[in-house]
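What TrEMBL says about this one:
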- 2-58: domain 'Dynein heavy chain region D6 P-loop' (DOMAIN)
- 90-226: domain 'Dynein heavy chain AAA lid' (DOMAIN)
- 234-527: domain 'Dynein heavy chain C-terminal' (DOMAIN)
């Protein structure tokens, strides 16, 4: 029986049926069942009786380029390799496709730096792509490279992809791994690993074993730092799970006399003590009659901060009364108590805040820093000399305000303008006045590469420098026809390392290397790390 997790309502009947079948059955009688693992404990639907009486075997996907490449090639045999009349072209492109499949499948382990979202790439994508390859080679005298790349990248594999940046990555892989020079053993898939010439089926397996370099993120176009990030996230997840498995009493550690409630009360009091007062919007708005785009952004930020501060104060005061026994503990209060105990940001606060990967302590310090930044901005409502873009709830609104300001000043149509960025050689402390056109921003970090301050271009990352900070960036708006696009990399900007739906904008950054290198390396700018 396959995929029993799809028939949740029938599983109770299956358990009784198995109990009846076990009575007076043949000693060699076996029932084989398959099911997908459930993502959360709440979704475990297979009855306990079936689990206890069965031998459980897990089928893990291959890990590492070597295992993935062998597994991809195992989908074919010598007969398939010999079926095409244009043998050399078919075999070399098929080998490149296997390497491409291994890359896109294994790249998922690197999290958001690998793919913004998780996609269910499978062997069906590879086998159908090879069928398409066979049909197109038989029907055309020349290899239709553009057609093949489009079919593989936009339909077969691209059919799974929902994110535009991931689609660009998939397209770039195919442009790198499927080129006419691969027939002359001139195309390297990895350092020292060229596409082999015309071999038989066993010869390809032997070639992989002998020539493929040791496992490294470089196989996928990533920097070695991606491995450090992957291992860090894995170990963090492991320790977080272990912490949640512990009872709260054992979590307190030896020699501590504090109870859970006392620990939560201490955290609660500390947060309330440092919590700033909300902004008086009527006082702030009465400071000026001007309503420029920048001033409106400031008002919006203060309003958002007021909502967050009010919710923190309200929920903590409620919880305080609950801990004193003056109020019945509700489910929401219990969730906040659990979050405070485990140093997590409570969900009601996170919903009113901004995307963040910080623990509660780091997150609250960040909130206080944002309040301090808003305090200085609301003094006279003049634009700060350098704006802390990471400290805004809605960075997009500020970048849009830059465009609106210059559109009004120069009487340009807003829909025919775009942002252009110039990375300066200075940091925040070296600026004492605002930009004459546009704005100076800081608080960005680069992942996957680094910024060469002297050269003024993107450069290879240094080992163990996972997210080096960027210098101050001058942002201004120009008409579309004046935008410089030569020798630039379209770099996505995200709010957090989780990327995906935290996308903000695209900055064109100068590069001496081919942009494809930075696409494969997953290079992006982040507002918080």
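Glycine is no exception: its Cβ is also placed from the backbone N, Cα and C atoms.
Heads up, TrEMBL stuff is auto-annotated, nobody curated it.
Look at the domain 'Dynein heavy chain region D6 P-loop' (2-58): DSSP puts its residues at 26 helix, 0 strand, 31 coil. Secondary structure of the domain 'Dynein heavy chain AAA lid' (90-226) per DSSP (helix as H, G, I; strand as E, B; remaining residues coil): 89 helix, 5 strand, 43 coil. Note on the domain 'Dynein heavy chain AAA lid' (90-226): its mean pLDDT in the predicted model is 92.
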